[in-house]
Amino acid sequence: MRLSDVSHPNQLHGLTTAQLEDVACQIRERHLQVVSTSGGHLGPGLGVVELTLALYQTLDLDHDKVVWDVGHQAYPHKLLTGRYGDFDSLRQQNGVAGYLKRSESSFDHFGAGHASTSISAALGMALARDRQGKDYKCVAVIGDGALTGGMALEAINHAGHLPSTPFLVVLNDNDMSISPPVGALSTHLNRMRHSAPIQFISDSVQEGVRNIPFIGKEIPQEIKSLTGSVKRLAVPKVGAVFEELGFTYMGPVDGHDIAQMTRTFQAAHRIGGPVLVHVATTKGKGYPYAEADQVGYHAQSAFDLTTGKSIPSKTPKPPSYSKVFGQTLVKICEQNSKVVGITAAMATGTGLDLLQKAIPDQYIDVGIAEQHAVTLAAGMACDGLRPVCAIYSTFLQRAFDQLIHDVGIQNLPVTFVMDRAGIVGADGPTHQGQYDISYLRSIPNFTVMAPKDEAELQRMLVTCLSHDGPTALRIPRGPGEGVTLMEEGWDPLKIGRGEILSEGSDLLIIAYGSMVAPAQKTALCLKESGISATVINARFLRPLDQGLIHPLARRIGKVVTMEEGTLLGGFGSAIVESFADQDIAVSTYRIGIPDKLVHHASPQQSKEELGLTPTAMADNIKKRFGWDNSDSLFVKNSNTSTI
C-alpha cells in the first residue's frame, strides 16, 4: 500500500505485518523529507511509527478515540489521517499544525502542546462514553517524560479507582522527554524496560490452569489471586506501581515489533477496566543521527539529510537571549554558591545546559513539573539560597497558583526567567508566550522586568539576584540585538526606573522589552513624516516608572504603548490605569497582541499579521492621531483609550 493513498487509518485493517512494515518505511521517509526541509519535531515521531500502526490496526477510528500527549510525536498520526498531501506545509502559515488541533481533523480528538494532559482527557472521554451508554474505546498515548508531570499521576490515581471503566494508557517509553528524564519514576521505568513482559507470565499461569481437566474452565478467584502473586514474585517490582494503583500492567513490549504490539493491544482491549501497556521505543528510530543524539534531534531546523547537519543561516546572527542568560548565570554561580538554576525538563531550551555542564552542583532538573519547580524554589529561598527558575513563558502559566501562594504572598527571593516570551512562531497558540505580562503584574510583591537587549538582560539578572523579593524577567526567543556584552562586573539597575532613548515633542512611545528596538525603528519611520517622538524603554512593568512617564505624558498629550503580549490586562493597560489613577488626561493608543489566538507561522509573519512591524505601527499611529492626511482628526481603534 502506498502511504499517499491512505486517507483513513481504517485502511490499515487487514494488512499483513510485512505490508505494515513497508508503510512504516514510507512514513519515516516522508517525515524525514519534510522536517529536513522546513524544520519541526523529528525524534519523537520517528520513535512511534510502529506503535501508531499497531495501535490503529486494533481500533476503528470512526468511533474510537486516541489522545496523543503533547502532540509532537503525532506526525505519523497526521500522515495516516489524510494529511499526506499537505504535509509539506507543516508548521507553516495556514499549513498543517505541528501539534494536534481539533479544528484541523476529526481524527485529532484532543488538542495539545503542553505535556501530561492526555490521560485526564481520554479518561474524561471514557466517562462521558459510559454515562451516555455508548460503546467505543478510549486510549491515551503518553511518553515517559510526560508521565513525570503531576497531572498525569493525578489522572492515573483517579482512573485506577474506576475498575469498571474500560480505558487504555499506552506508555511510550523512549527513556527521554526532550532532555533525559529525571526522578525516581524515570529510574523505575528504565529498570522495567529491560524486564521480561509481565502480563504474559500471568497469562501463561492462567492458561495452564485452564488446561486442568474438569476444573480448569472454572478458574476460582483464589487462582486469579495466585497469578497476581506469581507476577509479583516472577518479576519483582516490575509494573507494581501501576498494579497497586488499580491498572492492569502489560509489558514492556518492543515498540518496533508491529506483530507483538498488535497482539498486546488486542489483548488489552479485551480486559475490562484501566490497562497500561508499556512500550519500549527508541527516539529517532530509523535515522542514525537522531538515534545517536536524541536531545539534539528532538526538534530541528532545516538540515542536510545526508550529513545530519543543520543548514547554516545565510547571515550570521548574534547569540540568542537564552545563551546569553545561561553564560551570565554560570559566571554568577561561579562567584556565589547560593545561586541555583532550576529547570523543568528544558535545560537546552533555556540555556541552563551551560550551567549543568559547568557547575552541576548548582543545577536542578525537576522533570516536567512546573508547579513543583516553583515551590521547590520557594523552599530553597526560605533557607538562604537564591534560586533562578528558567521556564518558558507558556509553561510557567501552569504554576500560577504556586507563583501567588508559595512565592508572592510570602515575598520570597525567587527569580523567574521566562524564556520564549512573546511570539514564538511555528509551534502555534499552545506555545506563544503572550500571557505572562498580564498574569504576573497582578501578583503582590513581584518585581517584573524585560530587557531591551542582551546587555540589559545581564544587568537585569544581577538586579533580580540583588533584590530581596520575588522577581520575574522575560526574554524573547531568538537572537539578541548584537550589542557588546560585558564578561563580568554588571551593575544592577535601579528598580522601577526606565530610560529615555530619544526625545520628541509630538508623541510619547513607551515600549517594554522586545518591543523597544521596534519602537525606535517606528520613531524613525514617523520622523520621515515630520513627526517627532520621545521613546522610553520602560524596563519595568512592576513597578512602573511613573516619575518618568507621567510628566512626559502630561506635556506631550499623545501616548503609544508597545508590548509583545496580550493587550488584555497587559503593559498598556498598566500605563492607562496609572494615568486614570492620577487623573492624567491623555490620548493613549495601545499596541500589542489583540484578543485572539496567534496560530503557527514564522514570528515575522505573525508580527506582520498583527501589525507589529515598525512600518505597520507607524502607519497605524498616524491613522490613530489623524496624521495620515485624512479628513478625520481622530481615527478610533479598538486598542485606544482616551483618559
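For all residues, glycine too, the Cβ spot is worked out from N, Cα and C.
According to Swiss-Prot, HIS72, GLY113, HIS114, ALA115, GLY145, ALA146, ASN174, TYR287 bind thiamine diphosphate; the candidate from GLU21, GLU370, GLU454, GLU456 that the record adds to this site is GLU370. A sphere of 10 angstroms centred on the C-beta of GLY145 (thiamine diphosphate binding site) encloses 28 other C-beta atoms.
Sequence-distant neighbours of HIS72 (thiamine diphosphate binding site): residues of the same chain at least 6 apart with a C-beta under 8 Å from its C-beta are HIS41, PRO44, GLY45, GLY98, TYR99, ALA299. Counting neighbouring Cβ atoms within 10 Å of each of the binding-site residues (HIS114, GLU370), the lowest count belongs to HIS114. Counting every protein chain shown, the number of other Cβ atoms lying within 10 Å of the Cβ of ASN174 (thiamine diphosphate binding site) is 25. Looking only at Cα atoms, ASP144 (Mg(2+) binding site) sits nearest to ASN174 among the binding-site residues HIS114, ASN174, GLU370.
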